[in-house]
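Q: The structure follows.
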Amino acid sequence: MSSCKTTLSEMVGSVTKDRGTINVKARTRSSNVTFKPPVTHDMVRSLFDPTLKKSLLEKCIALAIISNFFICYWVFQRFGLQFTKYFFLVQYLFWRIAYNLGIGLVLHYQSHYETLTNCAKTHAIFSKIPHNKDANSNFSTNSNSFSEKFWNFIRKFCQYEIRSKMPKEYDLFAYPEEINVWLIFRQFVDLILMQDFVTYIIYVYLSIPYSWVQIFNWRSLLGVILILFNIWVKLDAHRVVKDYAWYWGDFFFLEESELIFDGVFNISPHPMYSIGYLGYYGLSLICNDYKVLLVSVFGHYSQFLFLKYVENPHIERTYGDGIDSDSQMNSRIDDLISKENCDYSRPLINMGLSFNNFNKLRFTDYFTIGTVAALMLGTIMNARFINLNHLFITVFVTKLVSWLFISTILYKQSQSKWFTRLFLENGYTQVYSYEQWQFIYNYYLVLTYTLMIIYTGLQIWSNFSNINNSQLIFGLILVALQTWCDKETRLAISDFGWFYGDFFLSNYISTRKLTSQGIYRYLNHPEAVLGVVGVWGTVLMTNFAVTNIILAVLWTLTNFILVKFIETPHVNKIYGKTKRVSGVGKTLLGLKPLRQVSDIVNRIENIIIKSLIDESKNSNGGAELLPKNYQDNKEWNILIQEAMDSVATRLSPYCELKIENEQIETNFVLPTPVTLNWKMPIELYNGDDWIGLYKVIDTRADREKTRVGSGGHWSATSKDSYMNHGLRHKESVTEIKATEKYVQGKVTFDTSLLYFENGIYEFRYHSGNSHKVLLISTPFEISLPVLNTTTPELFEKDLTEFLTKVNVLKDGKFRPLGNKFFGMDSLKQLIKNSIGVELSSEYMRRVNGDAHVISHRAWDIKQTLDSLA
């Protein structure tokens, strides 16, 4: 393999010499072939730079982009302004959906199954194929089949496209399919992204007011600033990530170069999708049209959906989640509190319009939610009789008094542990005092923000005719931004940090280090900056009402004082007075001639390099075991039926489906695997045959066709079949060999395929990619083990060993993601089966699935019940 890699690198070395001193290497995701990627250019240069070679598609794309302006002029002259606006709005929506849904689906399947790459390999699109039929491929250039003619055309066209745009030194046959597929994929990305941008710009241009008075104002100035900032973000992002990340290169192959993240990547997470769309809002400000703003919000929101469902899953699967042990300190403290205090439960937290961690047995939760419901209901029923001036005073006084109360508690707690001492002196515990503080702080936030929402809503209702729709939408955007900031803050510092846990439980802190995870990577005190933007959003929504400005100033000042004079001194006392430079600060410092590379960037860089996937190339040897005449799906059903009818007696000696040692063992106690031996006549065998595991009570007397789903409890009979169904259904194949008369193999169903329910089961051998049953095994029993419950230590030992074998134990905690068939209900049944005690799912989630806590808690409950008996 190493010699192949060296040869390939030498063959493509001449193409990459233009990179100068940058020695960039890459490797394919699955086959692990190393190569040097060719020189590529950004979208604008590729399409419009006359000094660069242009392919046919690039010429067509450039022509299509330019034609939009001529079409706009013609439609405007023929049908008028309004029709032209909606005409290009529809076009923009089409291209935006093509971007986020179309490209999203393509990248999703490429990420999971390498669909585009496998398609290119299957149809030999980038291979040298002679004019006669290739002995190792179904591809034939002389065939009269429409499908083969189609793929022959695709092959020639794709090769022509690459040759016409790449330098003469570029030998497409020397490169792996991944890089060639990526180069073709870029062409369609260019078309969609450029059309998306141009149609949006034309729609915005047609929406700009004609009056100079409406254009030259503070909104236009702010809009131009946002547009210029947006341009810088895009340019700086491309400077950092280059074409490789710009065109989603890691969905196709992985570069092994050192990644440098600076500039705009220190300002915001995913800058190309977050602050990289501020230009949308700048153009909306210039137009002063709420319809343009709504279209911009739609485009931006759809981009976030693309990020959430396409890019983020791929990044986590490829590079890992990027979370180190230090950044999880607060989360571990929360786990430790739950572990050491059985009566402790996670506090109720208000996030936006939802409540998290509601406990139906905790009265304070009902009191908090009841307060919100009573205030809202009272407002709705008495809206006409509420005096806004009195309500303003109520909101102002409530905020000020409650903030003074909260600040006093935190200040005295920091100085002398006053709040904790108060409870300890009255017979309560330290954790109990912390729980009461959690209720007080959350109630303070809920009460003040509920009153603010009520007051703002009544303000808008009473002056709705004077409210600008664009201002209303921008205000809601700021509210959404604050909600996002709160969620990101809580995600980064966990419940312990959100509720100022280091004021009350500093003895639980093992590492004196502030987190730099999540939003804290970019801002030192996000709650002081973004934590009040939603309140200023209410100022916009109420058309700059004086009372709302006063409330916004009050919120800002109280927030600033709390952070500056109470929180910061306490943090310095606990963690040490260290100056931490935020990502934004590093970027500002980086504008100087000497750029500074942050520690955070180095950590991300190391994680990315260490997490590069090194998958071995899938073997193709299994498919060669069988004659190709038996792989024709079109004649397969007829072949099976004829064979079953005419030669059943002759073939019966070669039909076998037996469980190993079934004469000795008919009851398999989990996690013991079940090994199955099968034999099938060569005339009946199909590479897509598969074996499913079923409950006997579900299949019943239907012996010819299985009418219930396998639910994932199935295995292929050959490792070369079902390529798009993951490795789990092929790794179970441990043996397969073929003779002139029959094919036989061995399949092992381990804990990744077995049921975790007591019952009687059977295996069914199915023909091809169907549910037609050819063979049925002898019924057998699967049962959960009975763990040793003599002592809590032995019970814990057996439980952890079992969960480890089932692959659902990580760091001593139950993690059902490791085995989709062993969930919370299975764990409950295992414990009940062993010790006779049933723990609730809610409790096990509350202790974060800690095996030590769960086993000892179950054993303690058993002892208590025995003593009561």
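Heads up, the Cβ atoms here are built off N, Cα and C, so glycines get one too.
As listed in Swiss-Prot for this protein:
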TOPO_DOM  2-55  topological domain 'Lumenal'
MOD_RES   SER2  N-acetylserine
TRANSMEM  56-76  transmembrane segment
TOPO_DOM  77-86  topological domain 'Cytoplasmic'
TRANSMEM  87-107  transmembrane segment
TOPO_DOM  108-187  topological domain 'Lumenal'
TRANSMEM  188-208  transmembrane segment
TOPO_DOM  209-212  topological domain 'Cytoplasmic'
TRANSMEM  213-233  transmembrane segment
TOPO_DOM  234-258  topological domain 'Lumenal'
TRANSMEM  259-279  transmembrane segment
TOPO_DOM  280-291  topological domain 'Cytoplasmic'
TRANSMEM  292-310  transmembrane segment
TOPO_DOM  311-362  topological domain 'Lumenal'
TRANSMEM  363-383  transmembrane segment
TOPO_DOM  384-390  topological domain 'Cytoplasmic'
TRANSMEM  391-411  transmembrane segment
TOPO_DOM  412-439  topological domain 'Lumenal'
TRANSMEM  440-460  transmembrane segment
TRANSMEM  464-484  transmembrane segment
TOPO_DOM  485-534  topological domain 'Lumenal'
TRANSMEM  535-555  transmembrane segment
TOPO_DOM  556-869  topological domain 'Cytoplasmic'
Q: Which one, 87-107, 188-208, 213-233, 535-555, has the most C-beta pairs under 8 Å toward the transmembrane segment (56-76)?
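A: Counting Cβ pairs under 8 Å, the winner is 188-208.
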Q: For the transmembrane segment (363-383), which stretch among 213-233, 292-310, 391-411, 440-460, 464-484 has the most Cβ pairs under 8 A?
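A: Comparing 213-233, 292-310, 391-411, 440-460, 464-484 against the transmembrane segment (363-383), the winner is 440-460.
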Q: Go through the chain and flag residues at least 6 beyond the ends of the topological domain 'Cytoplasmic' (280-291) whose CB is under 8 A from any CB in it; none is fine as an answer.
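A: Contacts of the topological domain 'Cytoplasmic' (280-291) (Cβ under 8 Å, skipping residues fewer than 6 from its ends): 204, 207-209, 214-215, 219-220, 222-227, 230, 299-300, 468-470, 472-474, 477.
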Q: Please check if the transmembrane segment (535-555) comes into contact with the transmembrane segment (188-208), where contact means 3 or more CB pairs closer than 8 Å and the residues in each pair are separated by 6 or more positions.
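A: No; fewer than 3 Cβ pairs under 8 Å.
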Q: Is it the case that the transmembrane segment (292-310) and the transmembrane segment (87-107) touch, counting contact as three or more CB pairs under 8 Å in which the residues of each pair are 6 or more positions apart?
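A: Result for the transmembrane segment (292-310) with the transmembrane segment (87-107) is yes.
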Q: Any residues 6+ beyond the ends of the transmembrane segment (391-411) with a Cβ under 8 Å from its own?
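A: Tertiary neighbours of the transmembrane segment (391-411) are 418-419, 437, 440-441, 444, 447-448, 451-452, 454-455, 458, 500, 503, 547, 550-551, 554-555, 558, 561-562, 566-567, 570.
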Q: Could you give the mean pLDDT over the topological domain 'Lumenal' (108-187), rounded to a whole number?
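A: Summing pLDDT over the topological domain 'Lumenal' (108-187) and dividing by its length gives 81.
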Q: Are there residues at least 6 beyond the ends of the topological domain 'Lumenal' (234-258) whose Cβ is under 8 Å from a Cβ of it, and what are they?
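A: Tertiary neighbours of the topological domain 'Lumenal' (234-258) are 22-29, 34, 37, 40-43, 107, 110-111, 116-117, 176, 178-179, 181-182, 185-186, 189, 264-265, 271-272, 276, 311, 314, 318, 605, 609, 612-613.
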Q: Per DSSP, what is the residue count of the topological domain 'Cytoplasmic' (209-212) in each of helix, strand and coil?
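A: For the topological domain 'Cytoplasmic' (209-212), the helix, strand and coil counts are 1 helix, 0 strand, 3 coil.
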